[in-house]
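Visitor: According to TrEMBL, the protein carries these features:
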BINDING   B:Cys91, B:Cys96, B:Cys132, B:Cys136  [2Fe-2S] cluster binding site
Amino acid sequence: MGLKILTEHINVPGIETLEVYRKHGGYRSVEKALKTMSPDEVVEEVKTSGLRGRGGAGFPTGMKWSFLAKPEGVPRYLVCNADESEPGTFKDRWFMEKNPHALIEGMITSSYALGANTSYIYIRGELLFVLRILEKAIAEAYAAGLLGKNILGSGYDLDLHVAPGGGAYICGEETALLESLEGKRGNPRNKPPFPAVKGLFACPTVVNNVETISSVPWIVNNGGAEYAKVGIGRSTGTKLISASGNINNPGVYEIELGVPVEEFIYSDEYLGGIWKGKQLKAVVPGGSSVPILPANLILKTAAGEDRLMTYESLADGGFVSGSMMGSGAFIVFDEDQCIVRNTWNYARFYHHESCGQCSPCREGTGWMEKVLHRIEYGHGHQQDIDLLVSVAKQIEGNTICPLGDAAAWPVAAAIRHFRDEFEWHIRHPKEATAPGAVYRGQLDTVTA
Amino acid sequence: MAETINEVKFSDEAMAEIQRYISHYPEGRQKSAILPILHIAQAEFGGWVSPEVMDKVAEILNIQPIEVYEVATFYTMFNLKPVGKHVLEVCRTGPCCLRGADQIIDLIKQKLGIEEGETTADGMFTLKPVECLASCGSGPMLQVREKFYENLDSEEKLDEFLEKMRQSEVEKPHHLK
């Protein structure tokens, strides 16, 4: 069992109440930071920790914080991104539902570090039941003097509110989130200006993921250097992994970064292997946006080294033979899953979720969905594979926000690693569309 | 001014909740509260938001009606047409499909005799497939109002769920509890 920075007390009965949470050391970081540390000292500890954004981008949190502009007389905001919508990702929902005070503690300590006096948790609208849990916990924190005016007699004031979204994946993109928080459609903004300079209500703003913010109390309590001792290289600390798909033990796991992928999949401590005694076919290791890898490349890098659960190891080989850590959504495919169908499913998702601002994404995601649909349903054309590659290439990098890339990458990667399976669907539509049919390397053994 | 055709009136509890959300934002930024207000409106007025309801929201926020329409049409949670008593928001995204979501959606269609987006003749159910609901470890799953129903991985479990819903009243809006 590795170190549990986020989940040590998550299964304690009543941990969602202030009383039990405090009994287990809760809110110590607020006392320590507000009474014994300057805001800059907190920022320094977070920098030292090497903590990286847990929402998907993996950008160093301390550095992001240090970019925050601090003009005289202008309010600054901390906004927590709880818009968890990346397919495969459910760690933040699980964490907030079970241990709401841990996020609230992180919000207070982080807001103090950034000099914010009003902060928001923007949560996806589908999770109104989690919003109720958070609001109840926030009310408890106000009553205990942990929020509001002059927190614990420190002279620091903070108001914390929860704001629901309305059902839009794009609002996980930080500038779309800010638009949404201002009561508008979730259209991402052009950058620059970055939120650190001009964010919520045109004021300097930091947007951080739930898990990122919830890691801050441990860092303040134990020091950034202690946090940096956990993990490997630039992948410090622990990470919540949302595990789904064809495995024996789906769920959320807190791992020390550096666990070998093979151990993670097959050990009973983690996923317990592939369900129903089947074989592993592929894994999407970081949420639907990141490249899919076939079994051999998820277990070992192209150079034959063990693949590890770190930002660097999962990305080893770039997009030729690697993938990304992303949000830590680990989606496992058994031998009976169809890659073409899955790729079409994701393409439909991105088409549905494109905000429509940029034509390469608005049109391109629709084209990809349409072409993948006809391949999956036995009407593909021989040139469709190259067409998909070309459309994906023309979306990538040509849009305001990364949704375009997120739509293009899974299509490009599926074709890169499973081209035969696409060919089979096109050349042998009758076999490929038969009920329960799955490609098992029979491309050239079946005659059309 | 034309006469209001359908008078839209929020309950006192709903208005209190609306004012609470408005108070979370700086002076002059009351429009920020539009999404929580639309959720309250949808829960209060039968699971959908009519143009009249949207106009009322605009009036409360002191903004133009178009500002409400453009938001309500952008976000997928707001139903712009009347819906059945229970709206089955079934996840149709990849991870749930790996555990049988496609089959569950097909079964729902068969059993209820409706297609996606349709409502049963008795007004009991609307089928609304949705994208990932952040419950990928417990798929196939669906949402009705604020509740998740997870691990619906067999016909028996689906039947049991549908029967339970037939017997259930619509969950009261949170602000009326």
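Every residue, even glycine, has its Cβ placed from backbone N, Cα and C.
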Visitor: Give the sequence-ordered list of residues that share a chain with B:Cys91 ([2Fe-2S] cluster binding site), lie 6 or more positions from it, and have CB atoms under 8 Å from its CB.
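Guide: Correct list: B:Ala101, B:Pro129, B:Val130, B:Glu131, B:Cys132, B:Leu133, B:Ser135, B:Gly139, B:Pro140, B:Met141, B:Leu142, B:Gln143.
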Visitor: Quick one, of the binding-site residues B:Cys96, B:Cys132, B:Cys136, which Cβ has the fewest other Cβ within 10 Å?
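Guide: Lowest Cβ count within 10 Å among the binding-site residues (B:Cys96, B:Cys132, B:Cys136) is B:Cys132.
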Visitor: Quick one: what's DSSP say for B:Cys132 ([2Fe-2S] cluster binding site), helix, strand or coil?
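Guide: Its secondary structure by DSSP: coil.
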Visitor: Which state, by DSSP, holds B:Cys96 ([2Fe-2S] cluster binding site): helix, strand or coil?
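Guide: Note: B:Cys96 ([2Fe-2S] cluster binding site) is helical by DSSP.
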